[in-house]
Amino acid sequence: MRSCFRMIKRWDLIIVAILILISFLPIALFSAVQAKTATNPAASRVAVITQDNKVIKKIQLTENKRTYQFVIHSGDGDEDTVEVQKSRIRVKSATCPDQVCVLTGFIDQPGETIVCLPYHLVIEIQSDNEPPQDIIVSS
Amino acid sequence: MTKNQRNAYIALLAAQAVIISLFENAIPFPFGIAPGAKLGLANVITCMALYTLATKDTIKVVSLRLILATLLGGTLSTFMYSAAGIVLSFIGMWLVKKLGPDRISLIGVSATGAILHNIGQLIIASWIAQTWTVLLYLPVLSFVGILAGIAIGVMANYLLTHVEKLQYYQKVKETNEKVHGW
């Protein structure tokens, strides 16, 4: 055990620290972008489901009160069961081997994504950045 | 080292790497926190090759391993993932090793390899999914990768210091480098 510690040299630590910092870079960039396009909470959120880069479904999440689920088939008996629960969405079950999409759980913030790589399925929450139209000031 | 010895040694390393990675695919990974994470045991072979062979021959080992592993248990998409991972991690490990044995040990080299392997794979994943938010998964993978990389560095160090032939090859490589510049 002591020989393990002795074999560590200074540049090992430097390199590993640099690499850890690099691995946090995407998160930093992402939150910076998020902060810039500070979405106002009133903006409506849409879940966009794409498969093979084609949009196959758009679901309005704001003001959705229902809970329902549907199945997306992608050939060869591959299925993803998607559940919409009020204003959030998740992949409830999938027949893929790694289950990354299921483990992601519910998403509801703009910019969040669920990715199912084996079936090329992406669910992304987008916000319509149009200013809310319902502010009508009558005098 | 004669030419035949070297060829046999390259083939041996590539074959071992293929077997190790096939064997590793058969182990279900127990970590629920990081799906998709792997130990990367075959990285031991890349470390070994880097320390005992010339750069040209190391590239041979790595590409043989990539092609054979794909032919024996992969598809086109796994080939793209592992190709990106292997190429990136090999370049990284090679550069890091250039710092010299006084500054960097096998632990640093193999941790670099592990993390860059993850980065390469996630870049391909985000390219396929056409969304770079996949890269947000990187910190989890890097954390596991660093732990695995350290373990594998220690393992490779044990092999290099305890297997006689490897020590001999390492010495041959060092004298060659002294004679031919690098």
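Cβ atoms are placed via backbone N, Cα and C, with glycine included.
TrEMBL does not curate its annotations; it predicts them automatically.
Going by TrEMBL, these are the annotated features:
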TRANSMEM  B:7-27  transmembrane segment
TRANSMEM  B:33-54  transmembrane segment
TRANSMEM  B:66-92  transmembrane segment
TRANSMEM  B:104-128  transmembrane segment
TRANSMEM  B:135-160  transmembrane segment
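Distant neighbours of the transmembrane segment (B:135-160): 31, 33-34, 36-41, 43-44, 47-48, 51-52, 105-115, 117-119, 122-123, 126, 166-167, 170; these residues of the same chain sit at least 6 beyond its ends, with a Cβ under 8 Å from one of its Cβ atoms. For the transmembrane segment (B:104-128), the residues of the chain that approach it from at least six positions outside its boundaries are 40, 43-44, 46-47, 50-51, 77, 80-82, 84-93, 96-97, 134-135, 137-138, 141-142, 145-146, 148-150, 152-154, 156-157, 160, judged by C-beta separation under 8 angstroms.
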